[in-house]
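The block underneath contains the structure these notes are about, expressed in structure tokens.
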Amino acid sequence: ADESALAQTKGCLACHNPEKKVVGPAYGWVAKKYAGQAGAEAKLVAKVMAGGQGVWAKQLGAEIPMPANNVTKEEATRLVKWVLSLKQIDYK
């Protein structure tokens, strides 16, 4: 399955890019931040579905909320696994 196409269809790429900050954090930042963390996948699936804010305010220079997304749990899980598999990028 092509998760980048799913990310495009679901509107994720309006605010995210694998390699650079757009409105939200680069997916490579997310991959680095959560690498090896127990429970990271479930935490991020919940965040993709319900929305969230506050994690990346320092790096983004503002408190930018991510809205709840119109995805199923299965779609959110596919997207999160894809994001976590991407090349990790420093977010200093």
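Backbone N, Cα and C define each Cβ position, glycine as well.
Pulled from Swiss-Prot, these are the features on record:
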type: BINDING; residues: Cys12, Cys15, His16, Met66; note: heme c binding site
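The structure, with features from Swiss-Prot marked on it.
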{"residue": "Cys12", "record": "heme c binding site", "CB count, 10 Å": "21"}
{"residue": "Cys15", "record": "heme c binding site", "CB count, 10 Å": "14"}
{"residue": "His16", "record": "heme c binding site", "CB count, 10 Å": "20"}
{"residue": "Met66", "record": "heme c binding site", "CB count, 10 Å": "19"}
Cβ within 8 Å of the mean position of the Cβ atoms of Cys12, Cys15, His16, Met66: remaining residues of the chain near heme c: Gly11, Leu13, Ala14, Val22, Val23, Gly24
